[in-house]
Amino acid sequence: MGQLKQLAGILALASPAIAAFSVYALHDPDALKASLGVTSECLSALNYTVECDGPSAVRATKNSDNDPWSMDDLTTLCTDGCSKSLSTWFDAVEQKCEGEEVTINGLVVDPKAFPMKYISGYDLACLRDSNDNWCFYEAQDWDSGVFTSWDKKQPDACSGENPPADCDKKGSEEDVDTLYVTNSYDKELYCSECFMLLWRQRIESPVFPQGNLLDHFTKQFSKLEAACSTKLPLTTPAPTVVLGAKDTLPPATGYHTDGSTVFRYSSPPAPTITTEEPIAKRTAAPRAMKTFYTPATPDRTPQLGAMAPCGKYYNVVAGDTCASISSEFEVTMDELLTYNPELHPNCENLWANFAICVAPVSPNPMTVDGSCGENNAGATCDGSPFGSCCNNEGRCVPCGPEATAAPDAPDAQGQTVHDDEPPEEPHIEEPPKDIPAGDDDDRKKAKLPLPSGKYPLPSNSTMISKDGSCNEYISCVGSPFGVCCSTSGWCGYGKPWCGVGNCVSGYCDTEDKASGKPQ
């Protein structure tokens, strides 16, 4: 909290927070209270409305080197109002949840863990040196496998649900020597104020993984001080939010850091025995489960942020993990996160008694033989040479009097069949005439200007994506799946979809925007 309050005094940015968020805004309070096992007063504090930009605040908690931030991103998050609001949130939880515990899928959590995680992400992202340089922004240009290995490798390997047995083993002295930070950077860089402030900020964070990793980073900080002939006060926070002293926990409970000092298992998780790669690392598995062409209706409150429409929901029960759900429904962890964007990568917010999306709504396949409808694998007639309407016998026919569907009633594909005149076929926008044939790649890389205000909808002649797939003529803008169509043909937000070279259509980043430099 000391770093946050100090930053609150120096971050005198004029622009206010552009949005606000609360962690459980869309959940039913009674169901959530029963699931978490807390009082109404504590739940109200946990659900405090934080005056920060929500997507940026969540992004900061993930703290990944694979997710580059622009200056606009940082100034959106790092406001004086956001800093003060995070501090107020922590104080409210500390007061209203005193003595309470939150139980989440076998984890016992001190409620303070939730605001502390957001505060820690904010402190790191918004850190500036005495010359007002943004340290986190500058660090994105530093190149070394040592400093970034914690973000890129350690959480994936050692902070997941089933960490390898050697995660807590110390390496040989020879291995340790090769990891000295002073052997990996130029002295001018590692003695810079930003470098040392960032290093200290990480190890002072209450959510930095405890154990050998913290010991190693602390020793490296001492080497930095000695090499740079400087001394910075260092306070390693006591794990005050760990529920029970670590040395009093029975070994069988499997003390679980999960990227934080605030979690422990209330009961040991079932061991996972497999010769395959971790589910999160697998490529897309052939899906044995049914493909869904119509939206499903959940019979429980959906997981916060679950995609809509969703082809299939699964009701989470106590003891489920993301790994077990991924395995059961033959989806990768990346796919599960795509279907449930607000789900944290370490699955700490996977709630029992809520519905999680495990399959998307897929587009109907085009008929190949003139058969159509639900009894024919959901095949659609639209655009087929057999006719664009599906009759009651499951055959494609031309729309009009010869179609057997009831007049002025929707057919199997949702089209209205008239008995007086055939409906007009949907118009697909042709490619621009001034681009010669063969220049498809250049057209895909064309940069569209960034809009001001809300994203305007595409023209009536452009189809809007119904399932997250897209191309030059099926737009993501106006769909719930994103505002950019990537080169892989899927809608989304952020650099993997909107970045220069990654974006086919929609609100693609320009070179200036992608550079992250103020315009």
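Cβ coordinates come from backbone N, Cα and C, glycine included.
The compositional bias 'Low complexity' annotation in Swiss-Prot covers 407-416.
Summarising the annotation, Swiss-Prot assigns compositional bias 'Basic and acidic residues' to 417-433.
Annotated disulfide bond per Swiss-Prot: C470-C485 (among others), in sequence order. Residue density at C485 (disulfide bond): 32 other Cβ atoms are found within 10 A of its Cβ, drawing on all protein chains shown. Following the DSSP three-state reduction, the secondary structure of C485 (disulfide bond) is strand.
According to Swiss-Prot, the disulfide bond annotation covers C476-C491 (among others), on the basis of sequence analysis. Counting every protein chain shown, the number of other Cβ atoms lying within 10 Å of the Cβ of C491 (disulfide bond) is 25.
Of all Cβ atoms in the shown protein chains, 24 besides its own fall within 10 Å of the Cβ of C498 (disulfide bond). The annotation disulfide bond is assigned in Swiss-Prot to C484-C498 (among others).
For the recorded site, C503 (disulfide bond), the DSSP three-state label reads strand. The disulfide bond annotation in Swiss-Prot covers C503-C508 (among others).
Positions annotated as domain 'LysM' by Swiss-Prot, on the basis of sequence analysis: 312-358.
In the three-state DSSP reading, N47 (N-linked glycosylation site) counts as coil. Swiss-Prot lists N47 (among others) with the feature N-linked glycosylation site, giving sequence analysis as the kind of evidence.
Sequence annotations record features per position, and here Swiss-Prot assigns N-linked glycosylation site to N460 (among others) based on sequence analysis.
Swiss-Prot lists 314-358 with the feature region 'LysM domain'.
Annotated signal peptide per Swiss-Prot: 1-19, in sequence order.
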Structural state of C476 (disulfide bond), classified by DSSP into three states: coil
Nearest-integer angstrom distance between the alpha carbons (Cα) of C470 (disulfide bond) and N47 (N-linked glycosylation site): 36
For N47 (N-linked glycosylation site), the number of other Cβ atoms found within 10 Å of its own Cβ: 19
C508 (disulfide bond) versus C498 (disulfide bond) - Cα distance in angstrom: 5
CB contacts for C470 (disulfide bond) [other CB atoms within 10 A, all chains]: 28
Winner by Cβ contact number (other Cβ atoms within 10 Å) across the disulfide-bonded residues C476, C484, C503, C508: C476
N47 (N-linked glycosylation site) and C485 (disulfide bond), Cα-Cα, nearest whole angstrom: 34
From N47, C484, C508: recorded positions whose CA lies within 10 A of C491 (disulfide bond): C484
